Amino acid sequence: MALRQCAIYGKGGIGKSTTTQNLVAALAEAGKKVMIVGCDPKADSTRLILHSKAQNTVMEMAASAGSGEDLELEDVLQIGYGGVKCVESGGPEPGVGCAGRGVITAINFLEEEGAYSDDLDFVFYDVLGDVVCGGFAMPIRENKAQEIYIVCSGEMMAMYAANNIAKGIVKYAHSGSVRLGGLICNSRKTDREDELIMALAAKIGTQMIHFVPRDNVVQHAEIRRMTVIEYDPKAKQADEYRALAQKILNNKLLVIPNPASMEDLEELLMEFGIMEAEDESIVGKAGAEG
């Protein structure tokens, strides 16, 4: 199959890295050749695949080598569970420089060194947070990733973030081939969560590609720095990640999204009881005062 390059975006703390690594493990289990490129200075995008605390990053290795030109591919690329290739872009010290620059440096380095080999089926970019700014937009902006998946939940801020990311996709879609492949709902067990995310997906012109239920086995696996696929392959949650992998494998619905207005989003939240109809008299009042 032709190489498919996918980027996973979503609000910080929503479970992007965990979801991505479990999805990738399921694809590897199904015989697919996959590379993960972590695009987050925290460098935690590959820890469950490699069973490690944090992988050495391209930026760290380039700094210690003197320059990127002195780096070799084997210095930064490690092989983990199921033969998955793992790379972390890394970033500068907190408060110094642009972390997005690490993403640009890493992807350019990987291309120059032949990391995107012909045998690869998928490359997944696990991208920091909900900002689609300069460096972090690189997988979209430079047409590296053709498919974007947004991890969200039924919480208000996760939905706002998903809508903002959709706006970023629109900005670059008209000048390139990037498309939204769908929303992945990583459940927080909020009320009517699956219905709400399906409604949000319909509102912005995409699909909820899969609803991943909340299960403590994910945390049990993470403590051991493992994916659920590897830690407990017979668990129901492992089958959820396999189902997500199959849906992405077979996904043909790649769209330029139509982001919702703030009013539309608030109406949706009111419809599902997440937000009360606006009443100026209660704004800023504590619960006890109401």
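For all residues, glycine too, the Cβ spot is worked out from N, Cα and C.
Features reported for this protein in Swiss-Prot:
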BINDING   GLY10, LYS11, GLY12, GLY13, ILE14, GLY15, LYS16, SER17  ATP binding site
BINDING   CYS98, CYS133  [4Fe-4S] cluster binding site
MOD_RES   ARG101  ADP-ribosylarginine
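Packing around GLY13 (ATP binding site) is summarised by its Cβ count: 10 other Cβ atoms lie within 10 angstroms of its Cβ, all protein chains included.
Annotation for the binding-site residues LYS11, LYS16: lowest Cβ count within 10 Å of the residue's own Cβ, LYS11. Its Cβ placed at the centre, GLY12 (ATP binding site) has 14 other Cβ atoms within 10 Å.
A Cα-Cα distance of 20 Å separates SER17 (ATP binding site) from the residue listed as 'ADP-ribosylarginine'. For the pair GLY12 (ATP binding site) and ARG101 (ADP-ribosylarginine), the C-alpha distance works out to 19 angstrom. Long-range neighbours of ILE14 (ATP binding site) (same chain, six or more residues apart, CB within less than 8 Å of its CB): VAL151, CYS152, SER153, ALA158, ALA161, ASN186. Taken residue by residue with DSSP, ILE14 (ATP binding site) is part of neither helix nor strand, so it is coil. Distance between Cα atoms for GLY15 (ATP binding site) and the residue listed as 'ADP-ribosylarginine': 23 Å, as a whole number. In the structure as shown, the Cβ atom of the residue listed as 'ADP-ribosylarginine' sits within 10 Å of 16 other Cβ atoms.
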